[in-house]
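Here's what Swiss-Prot has on this protein:
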type	residues	note
BINDING	THR85, ASP87, GLU100, GLN119	Mg(2+) binding site
SITE	LYS102	site 'Transition state stabilizer'
Amino acid sequence: MVNYPHNPIRQKVTPLQKQQKHKQVDFANRGMSFEASINATNAYYLAKGIAVIHKKPTPIQIVKVDYPRRSRAKIVEAYFKQASTTDYSGIYKGHYIDFEAKETRQKTAMPMKNFHAHQIEHMAAVLKQKGICFVLLHFATLKETYYLPAKALIDFYQIDRGNKSMPLDYIRKNGFEVKLGAFPQVPYLDIIEQKFLGGDYN
């Protein structure tokens with residue numbers, strides 16, 4: 001027979017969101033990629049009714065299909081095609097959001113070889129239509145993440161068509177650091193709210 005106490009001691013529990021709000025997130029220690037953390041952030045924004053932003057599916061080129069039965073076609077060979085635009089898009093407070101995400105283990109620069117001409121052209125087209133376009137750059141070794149407006153990326157790319165790396169100093173001068181947290185993990189909408197919709201950014 002189990003005797004249960006009549007007056008159990010109630011412990012004060014701190015809400016998880018409040019408890020971890022300012023805790024720094026280390027993606028490597030958590031076994032999570034930067035992309036996964038952005039996806040988790042977007043899921044948080046969607047669940048809270050803050051924004052609707054999704055990762056665009058990577059296009060696939062089907063090479064060979066097996067038909068063991070008429071009703072069951074099986075793809076046996078395919079490969080990923082190069083994405084023609086950016087990684088993410090959606091809407092926030094009536095504004096179209098479009099951005100790319102890149103990660104590096106380098107400490108002083110972001111390799112520009114990861115950006116392709118068609119992506120730069122797409123970003124320029126988004127800006128022309130008054131959309132909010134940017135890149136999220138994560139320096140894994142430094143544990144630093146930056147929001148770089150698309151215009152700053154385009155300006156640097158046009159110097160030599162993206163043949164050299166973008167110095168971290170340039171990113172710090174022209175971008176904004178994103179303070180990582182728990183809920184959401186990569187709060188990039190804070191930058192948009194404060195610097196763009198708030199009117200601080202020229």
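Each residue, glycine too, has its Cβ placed from N, Cα and C.
Structure coloured by features recorded in Swiss-Prot.
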{"residue": "THR85", "record": "Mg(2+) binding site", "contacts (Cβ under 8 Å, 6+ apart)": "LYS56, ASP98, HIS118, GLN119, HIS122"}
{"residue": "ASP87", "record": "Mg(2+) binding site", "contacts (Cβ under 8 Å, 6+ apart)": "GLU35, LYS55, LYS56, PHE99, GLU100, ALA101"}
{"residue": "LYS102", "record": "site 'Transition state stabilizer'", "contacts (Cβ under 8 Å, 6+ apart)": "MET110, ASN114, PHE115, VAL135, LEU136, LEU137, HIS138"}
Three-class DSSP secondary structure - GLN119 (Mg(2+) binding site): helix
DSSP three-state assignment for ASP87 (Mg(2+) binding site): coil
